[in-house]
């Protein structure tokens, strides 16, 4: 009896703690004097309800028909408590389908948490836009650009395409933006007027939207700043982040003028703090759905979303319902080194990647800035999404009839695996596509995308189908620490029905999971074709006891596969926290795709080299000093570095055995220049004093050996390029793997001289 009483007390205590946590989360909300309601009777019914119940009718919410926003005549502007009695009176009205009091939402701008084409344009910062042009000194260096120039050379520059940036405003009178500014694609939802001009303050906090817009549409050849990816497109700004953000404001922004705007670019989302789980509210979700169904005269709005900057916080973008949406194209970042940056998040919903900032030694992104200024320090996935939006604008100029799903297929089929190949995590799915949780299907390639979109050859993808798979007899399954729940899901993918699916696009696993510590859960889904995808990785900072309620975990990793067969879901907790417990309450698998294979997928994807030299660190070994005679078989240089064949080298480019020969002069100068905090030199490097090059090669390779030992890393999967493993912090304050290598070289130089 005593044991049972003690057990009941413990259970009561756990429930009390959960109740406190839930109410604590709610207590942080700030409710505003606005109510959203769905009223099928139209404006007349909405006006009548407002008059009868003491509201002012503020108007329709964005493009959502029969959805209206009300303001109560006798309620404070803000309150920590919801006005439940007012909401109930409104929702109980027979003319109202649904009603909700609006509350403030925390939204974070996704900038980083730290803060031969050279003569093509006369814009002063054009030669710093390394991601748009091939700025290599020699062919041995990695090719970095997004293949935009070949598209421009076809005369495709974004003409006739309208992009709007959902952010903190747009300095539309900026010299490098004004010629391309479109007031019909602009609005200020913070102040409810048609001018999205940002609010100035001493810290220039509201520069984000102007920078994002500049990346897309900076004017070319006007002697100002740089050049936008789609420099003849039209750009607008939606000011919605510089004030209270509610579901109604988000819906109005996402659904603004969808008959005129082609592409919406958003570089924000819920907090990237490693513990938030949040997605679009009811209204924003409906705005997404309306956009893809009605936007662009029925072809569908293109929504481009930055994948998030919570990498350092251990965040996972599968907990962000905006990037996790089937309606958005989620874009991640790659650094100038071709690596996953320190801020990037991993998730199964990321579709593709463009460039952005990396470590402090890497160059960043150039754009327009507040006060008619320019910047070369735009950072984070915030900078990646607008570059993608600009590339999509080029595709829409080439083929205005592309649907929103056509665009996603084009991205999947043309993104490049090769330039990012030396990062861990790549896998080939059952349709032969290379995919990675860090990068999606790879680096965007503007030329390949626009070429495939050619209206003379492109065939629009078949009609979208949706097949829901669930077990009506499923009983809740318990899960505890160090435990595992395995669910086998056999499916015929609605075979024989109108919604049968033979070629997959998105896959959603919708589940309600109750758990005492949400961040300890790990969810993996294996497709019928054998592709294993992490839908949720552990998040150390997420201590919430709230679990997941009808949450959609979305994956693109099985794109193109035939779904027929048995899928396997694994939900585990390997944290070792013995007090953890919970249960899987319900689930369903939602398959999105087509009943027939899209035309462009009837032949397998063929991956070709993105660059003539493999795009990794080993490229520098073949680099030749431009000022020196190149070695030939007849006249070999004594200092040429020769490595063993791949069969005698260890994994990850480590050299266990190397033939004698000192490192090349060019290699050392490249490494030394890269270690500088300044931007890399734009001219050919001058010859260094010969004394600086007299380095015992044994020491050099010893340094390489120590710095590349996988055994020092905690996670074997990430042993090659996990740049931020905590174990390294104990010895050196350098956060980037290359920094440690370069510092070792500098130490050798100092010792020898």
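Just so you know, glycine gets a Cβ as well, placed from its N, Cα and C.
What Swiss-Prot lists as signal peptide is 1-27, and the listing cites sequence analysis.
The domain 'Peptidase S8' annotation in Swiss-Prot covers 129-450.
The active site, charge relay system feature in Swiss-Prot is assigned to 167 (among others). The secondary structure of residue 167 (active site, charge relay system), as reduced to three states from DSSP, is extended strand.
If you look up Swiss-Prot, you'll see 173 (among others) marked as N-linked glycosylation site. In three-state terms derived from DSSP, residue 173 (N-linked glycosylation site) belongs to neither a helical nor a strand segment and is classed as coil.
The active site, charge relay system annotation in Swiss-Prot covers 208 (among others). DSSP assigns residue 208 (active site, charge relay system) to a helix in the three-state reduction.
Taken residue by residue with DSSP, residue 374 (disulfide bond) is part of a strand. Residue environment of residue 374 (disulfide bond) contains 21 other Cβ atoms, counted within 10 Å of its Cβ in all protein chains. The disulfide bond annotation in Swiss-Prot covers 225-374 (among others).
Just so you know, the Cβ of residue 347 (disulfide bond) picks up 29 other Cβ atoms within 10 Å once every protein chain is counted. The disulfide bond annotation in Swiss-Prot covers 317-347 (among others).
Secondary structure from DSSP puts residue 382 (active site, charge relay system) in a helix. Taken from Swiss-Prot, the feature active site, charge relay system covers 382 (among others).
The annotation N-linked glycosylation site is assigned in Swiss-Prot to 401 (among others) on the grounds of sequence analysis. Within its own chain, residue 401 (N-linked glycosylation site) has 299, 455, 460 as residues 6 or more apart in sequence whose C-beta sits under 8 angstroms from its own.
Annotated disulfide bond per Swiss-Prot: 467-494 (among others), in sequence order, evidence recorded as similarity to another entry. DSSP classifies residue 494 (disulfide bond) as coil under the three-state reduction. Taking the Cβ of residue 494 (disulfide bond) as reference, residues of its chain lying under 8 Å away and at least six apart in sequence are, in sequence order, 465, 467, 500, 501, 591.
Residues or ranges marked as region 'Disordered' by Swiss-Prot: 596-662.
If you look up Swiss-Prot, you'll see 630-642 marked as compositional bias 'Polar residues'.
Positions annotated as O-linked glycosylation site by Swiss-Prot: 632.
Around the Cβ of residue 208 (active site, charge relay system), 25 further Cβ atoms fall within 10 Å across all displayed protein chains. The C-beta environment of residue 225 (disulfide bond), restricted to residues of the same chain at least 6 apart in sequence and closer than 8 Å, consists of 123, 124, 125, 176, 214, 218, 366, 367, 368, 374.
It is 35 Å from the Cα atom of residue 173 (N-linked glycosylation site) to that of residue 317 (disulfide bond).
Relative to residue 167 (active site, charge relay system), the recorded positions with Cα atoms inside 10 Å are 208, the candidates having been 208, 317, 347. With respect to their backbone Cα atoms, residue 208 (active site, charge relay system) and residue 382 (active site, charge relay system) stand 8 Å from each other. Set side by side, the recorded positions 173, 382 differ in how many other CB atoms lie within 10 angstroms of their CB, and the most is found at 382. Residue 317 (disulfide bond) falls within a helical segment according to DSSP. Put simply, residue 317 (disulfide bond) is 14 Å from residue 382 (active site, charge relay system) when counted between their Cα atoms. For the domain 'Peptidase S8' (129-450), the predicted model reports an average pLDDT of 94.
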